[in-house]
Every structure is written in structure tokens, then in C-alpha cells.
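Colleague: Okay, here's the structure, questions in a sec.
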Amino acid sequence: MTTIIDGKAVAKKVNAATQTAVAELEQQGIKPGIAVIIVGEDPASQIYVRNKNRKATKLGMHSVVRQLPVTTTQAELLSIIAEYNSDASIHGILVQSPLPKQINEPLITMAIDPKKDVDGFHPTNMGKLITNFPGNYPVANTPRGIMTLLAEYGIDPAGKQAVVIGRSTIVGKPMAALLTNANATVTVAHSRTKDLKALARTADILVVATGIAHLITGADIKPGATVIDVGMDRDADGKLVGDVDFDSAQGVAGFITPVPGGVGPMTIATLMQTTVELAKWSDLSE
Ligand SMILES: NC(=O)C1=CN([C@@H]2O[C@H](COP(=O)(O)OP(=O)(O)OC[C@H]3O[C@@H](n4cnc5c(N)ncnc54)[C@H](OP(=O)(O)O)[C@@H]3O)[C@@H](O)[C@H]2O)C=CC1
Ligand SMILES: Nc1nc(=O)c2c([nH]1)NC[C@@H]1CN(c3ccc(C(=O)N[C@@H](CCC(=O)O)C(=O)O)cc3)C=[N+]21
Ligand SMILES: [Mg+2]
């Protein structure tokens, strides 16, 4: 029997807690604020940004969307980041990926104040994650949301074999760090990995984040394994599908996240959670 992990339901729970936290902060005169900067007109990005803005507003936060033309220069983007870095009404800054070619993405990531780095991509915050540093700092929302899903379904990574397919800054690397910190034995796979499918079959927890539709099928899954599908891909008919072939995986996996309705809603909910935390932490003296 395969349990379908209901990301929408867990996201609802997380959002309810966020709403409460926003109300508490209001008592202290703080309204959590997020600024999302989007360069160009990538259609998928437009959808995500709209979803984030809607959710933030609904939860009672201050939300700013800054749409910039695809021709924006590195210097212009840096000056807009500097503006939000010194804007006390903004606690979280997110620069939507992908960025046009003239923009140096790592340098943009570095320019965001680590205390306002709502994606958790700044090397300071990534470094803290890797070293399992104590204290408060933002962690990449997609992998963090996945850890929330695992906890909600009583899946403890400790002692388990985890395989993460994908090594991006946004998903694969922070996912591997979180699972390692949670005492899983983690293998990270990527496009140069040999015999990927045999490796996938060793996983008790399999996280797939490649952007390749239906890369993993039921035959590549250990019976009873937990399968987390991060992919947001289009099939031949333009339908939204994941990196895992859901139909063949069902009946083999113990737990599986659907696309849509799995990891995606958790990413947004966790982003809102992180924004509120940044607002809270900004008020703590250190
Ligand atoms: N649901 C959500 O909230 C989110 C969904 N996504 C989705 O997740 C997917 C991955 O996103 P992201 O991490 O940003 O993507 P990237 O393109 O940055 O990274 C993809 C990774 O997959 C690896 N890869 C590519 N092809 C293969 C292959 N054939 N076999 C094994 N590994 C392969 C790449 O290897 P190499 O490093 O060697 O190139 C790379 O490490 C996309 O579909 C994206 O849309 C992303 C973020 C959030
Ligand atoms: N700096 C930055 N941070 C990000 O976190 C970031 C980014 N750039 N660039 C793009 C990816 C992708 N991403 C998603 C967000 C929401 C859904 C989402 O809401 N998905 C829903 C609905 C999908 C739909 O219906 O289209 C679902 O899976 O059910 C998916 C993917 C965040 N990303
Ligand atoms: Mg999903």
C-alpha cells in the first residue's frame, strides 16, 4: 500500500501557524515583509511569484513584487537589493531564479543581507546549514518543507539510506545537508552518476530534483521506500508532471508526494514561515 503525502494539507497547517505568528508580531508592532524581485518574463516564475504574493497578503504580511525588465544589468539589480537591505519594512528578500545571462547569480546571492536571505542561499547561511550550526538562520525552503513533510508522516531519516538526485543550490545540496544533519546516510547523485537507477533502488528515502520528467519509475524504487518528487516538468501534452512516474511508483513506494500537491505547496508555505521567522529574529538584539 502506498500512502500519498498530502502537501496541500500540511501546507495548510503550516500556514495556520504562520497566521498566528503574524498576529503575535502585530502586537509588537511588527509586520513581516517580503520583497520578491523578478527579472524577465519566464512564465513559470510569473506563476510562482503570483502565488507567493497572494499567500503573503492573505497571511497578513507586507508583500512587494518588483518586476524588472529582462535587460536589467548586474549593477541595477545590485542597487535594488541594496535598497531592500536597508528598508526596515522588508525582512525577506528573494531574487527569483532563473536570472538572465548577463546577471552573475552567485554575486547576487552574496549581495543579500544574510539576515534577510529568505531563500537561505547566501554562503553564510549555507555554511551554517552544512556545519549544523546552532542558532537561528534561514534554510532553503523546498528542502526544509520536505523535512516538515517527513516529520508530519512520522518518517525519521535517522539510520536510513537516503539518495538525493540533483545537486543544485536551491534543492539538492541543502536537502543532502538537512538529511545528513537528521542522521541519514546520504548519497548525492547528478548527471555524471553511473548506474543511477541501481543507486536509486538502494534508497529508503529517495528525493528526485532533476527537472527530467519521469526519470524515475517504479522499477527504480525499493519497495516501501519514501519517494519525494521535487520536479515540476511538462509532459508531451503540456501537463504538469514530476521527475517520478507516479503511476508506476504507486504500489511500490511506501510513501510518495504527488505533482502537483506535494512539494510545491510546501515550498510556498515554508517561504512564508521563514519570512515570519526573519521578522521575529530581526527584533532580537545580539
Ligand atoms: N516544487 C518545488 O517547490 C520546486 C521545484 N523545483 C523543480 O525541481 C527540479 C530541479 O530543480 P533545480 O534543482 O533548481 O534544477 P537544476 O537544473 O539547478 O539542477 C538539476 C540537477 O539534476 C541533475 N540532473 C540532470 N539530469 C540528470 C540525469 N539524467 N540524471 C541524474 N541527475 C540529473 C543535474 O546534474 P548536474 O549538476 O550534473 O548538471 C543537477 O544537479 C525542476 O523541475 C524544478 O522546476 C525546483 C525548486 C522548487
Ligand atoms: N529564488 C528562488 N527561490 C525559489 O524557491 C524558487 C525559485 N527561485 N525559482 C523557481 C523555483 C520553483 N519554485 C516553486 C514554488 C512553488 C511551486 C508550487 O506552488 N507548486 C504547486 C502548484 C504548481 C502549479 O499548478 O503550477 C504544486 O506543486 O502543487 C512550485 C515551485 C520555487 N522556486
Ligand atoms: Mg508538488
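Note that Cβ sites are derived from N, Cα and C of the backbone, with glycine treated the same way.
Here the structure is a predicted model, which means the values were calculated and not measured.
So TrEMBL says this about it:
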BINDING   GLY166, ARG167, SER168  NADP(+) binding site
DOMAIN    5-119  domain 'Tetrahydrofolate dehydrogenase/cyclohydrolase catalytic'
DOMAIN    141-281  domain 'Tetrahydrofolate dehydrogenase/cyclohydrolase NAD(P)-binding'
Colleague: Report, as a single number, how many Cβ atoms besides its own are within 10 Å of the Cβ of SER168 (NADP(+) binding site).
Modeller: 17
Colleague: Just counting, how many other CB atoms are there within 10 A of the CB of GLY166 (NADP(+) binding site)?
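Modeller: A count of 24.
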Colleague: What same-chain residues, at least 6 away in sequence, bring their CB to under 8 Å of the CB of ARG167 (NADP(+) binding site)?
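Modeller: When sequence neighbours closer than 6 are ignored, ARG167 (NADP(+) binding site) has LYS173, ALA176, VAL188, ALA189, HIS190 within Cβ distance under 8 Å.
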Colleague: Averaged over the domain 'Tetrahydrofolate dehydrogenase/cyclohydrolase NAD(P)-binding' (141-281), what pLDDT does the prediction give?
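Modeller: Taking every residue of the domain 'Tetrahydrofolate dehydrogenase/cyclohydrolase NAD(P)-binding' (141-281) together, the mean pLDDT is 98.
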Colleague: Setting GLY166, ARG167, SER168 aside, what same-chain residues sit with their Cβ within 8 Å of the center of the Cβ atoms that define the NADP(+) site, listed in sequence order?
Modeller: VAL164, ILE165, THR169, ILE170, VAL171, GLY172, LYS173, VAL188, HIS190, ALA209, THR210
Colleague: Which residue counts does DSSP yield for the domain 'Tetrahydrofolate dehydrogenase/cyclohydrolase catalytic' (5-119) in the helix, strand and coil classes, in that order?
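Modeller: Reading the DSSP string over the domain 'Tetrahydrofolate dehydrogenase/cyclohydrolase catalytic' (5-119) gives 59 helix, 19 strand, 37 coil.
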